[in-house]
């Protein structure tokens with residue numbers, strides 16, 4: 001089989017699975033997609049293609065579910081995330097990425113434990129600003145901007161539909177900025193573009209399957225799945241940082 005066709009088919013399969021995970025929980029496409037793609041392509045192509053497909057996926061989700069998203073929340077977290085971008089760049093100069101990732105993983109596990117135990121985390125204006133700035137800082141320092149937003153939206157008590165729609169809106173804008181950056185520095189290799197092509201076919205199928213599962217979940221089960229995936233994210237990130 002032609003090498004190019006194999007890459008496209010890999011993209012179809014991987015992004016179908018990644019999109020299903022995103023549809024069910026509101027996040028997780030990078031957690032699923034990057035490690036799977038990195039088995040067969042170089043890490044840069046994996047990250048670039050996942051980000052590009054995620055931008056299309058989250059933007060489409062926002063258009064479909066715009067009636068459920070909290071516009072004021074999106075605007076606040078986007079602005080605070082932008083403020084955090086230079087902080088992440090500065091941290092990257094001062095500390096190794098692995099150490100930053102390890103700190104994030106430990107803090108995330110602690111927060112997940114508190115949420116799982118039913119302890120109500122702060123969710124007022126100050127806590128929201130901290131989460132937004134931290135998300136932006138993590139985006140430029142570790143590439144893992146989702147966890148602070150997920151934890152805060154859970155602490156804010158959003159319903160599953162509002163949680164997913166609002167999260168997609170924030171991710172869409174952040175992904176757009178990342179895609180523009182990748183294009184400026186020339187990170188879109190032929191392999192990355194072939195994976196994106198495959199992702200355009202696999203992503204709608206995966207989202208449709210995941211969305212059916214999402215709508216069948218009770219809020220309690222949804223919360224458990226979200227916290228479980230957050231814990232997996234922390235463990236995977238921590239293990240990678242220690243490797």
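Count begins at 1; order follows the chain as displayed.
Placement of Cβ uses the backbone N, Cα and C atoms for every residue, glycine included.
Through the fold, the transmembrane segment (30-56) approaches residues 7, 10-11, 14-15, 17-19, 21-22, 143-144, 146, 171-172, 175-176, 178-179, 182, 187-189, 191-193, 195-196, 199-200, 203, 229, 232-233, 236 of its own chain, all at least 6 residues removed from its boundaries and within a Cβ separation under 8 Å. Marked as transmembrane segment by TrEMBL: 30-56 (among others).
Sequence-distant neighbours of the transmembrane segment (77-95) (same chain, 6+ residues past either end, Cβ-Cβ under 8 Å): 128-129, 131-142, 145, 149, 170, 173-174. The transmembrane segment annotation in TrEMBL covers 77-95 (among others).
The transmembrane segment annotation in TrEMBL covers 101-119 (among others).
Only residues 6 or more beyond the boundaries of the transmembrane segment (165-185), in the same chain, are considered here, and those with a CB under 8 A from a CB of the stretch are 26-27, 48, 51-52, 54-55, 58-59, 61-62, 65-66, 68-70, 73-74, 77-78, 81, 135-136, 139, 145-146, 149-150, 153, 158. Among the features that TrEMBL reports, transmembrane segment is placed at 165-185 (among others).
If you look up TrEMBL, you'll see 191-209 (among others) marked as transmembrane segment. Long-range contacts of the transmembrane segment (191-209) within its own chain (CB-CB distance under 8 A, at least 6 residues past either end) are made by residues 4, 7-20, 22-23, 37, 41-42, 44-46, 48-49, 52-53, 56-57, 60-61.
Listed as Cβ neighbours of the transmembrane segment (221-242) (distance under 8 Å, sequence separation of 6 or more from its ends, same chain) are residues 21, 24-28, 31, 35, 98-99, 101-102, 104-106, 108-109, 112, 115-116, 142, 144, 146-147, 150-151, 154, 160, 163, 214. Summarising the annotation, TrEMBL assigns transmembrane segment to 221-242 (among others).
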